[in-house]
Amino acid sequence: MSIATPQLRLPVTPTPAPVRERALRPLERPQPRRRPKLAFAIIALAGAALIGIAQMALSIATTQDSFVVAELTQQQRELTWQAQAIEESIAGASSPQVLASNADSLGMVVGGSPSYLRLSDGALIGMGTAAGWNSTVNPNGWSAVPNALVSDTPPVAEATAPTGDVQPVVEEPALPPVAQGLPSPTTR
């Protein structure tokens, strides 16, 4: 800011913009109206018809696909039911009750107390006797709990106990031929 007095300005009056006069001229004779060409109309109608046909084809394809999806969903539901039924039958066939019953029908018996081999000195610890032909477990006896999953499962073929002086045949395992030192498998 200075101490000097401000200059006084004179008000400026706006000047009006010059008005242009429109140049009017008489029109020449109007041009004759052109007749629309038939080709343009045919192209427009053909385009509209093609759009309509494409829309109907897409609608039909979508409807057909929905029927296919519904059919596949029904098949998936049936296959799921079949898989569940098979899983139930497998669960029943692999239950401990069925396994014990099949083992009993094959003549398997519960062994006595186990024997152990001590590796440090090769000593046999335990009874070391064979199991008898009478089983201590009866899976089909009065204490068996009925199982609905295996009620229609037939037992395996009945086994018969050996009679008389039948001795089991023990075959010696075939030893691999020794050629030039230790036997080794052929890898190539």
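Start at 1 and count along the chain as shown; that gives each residue its number.
Backbone N, Cα and C define each Cβ position, glycine as well.
Sequence annotations record features per position, and here TrEMBL assigns compositional bias 'Basic and acidic residues' to 19-30.
As annotated by TrEMBL, compositional bias 'Low complexity' applies to 166-180.
Taken from TrEMBL, the feature region 'Disordered' covers 1-30 (among others).
Here TrEMBL flags 154-188 (among others) as region 'Disordered'.
Listed as Cβ neighbours of the transmembrane segment (38-58) (distance under 8 Å, sequence separation of 6 or more from its ends, same chain) is no residue at all: none. According to TrEMBL, the transmembrane segment annotation covers 38-58.
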DSSP helix/strand/coil residue counts for the compositional bias 'Basic and acidic residues' (19-30): 0 helix, 0 strand, 12 coil
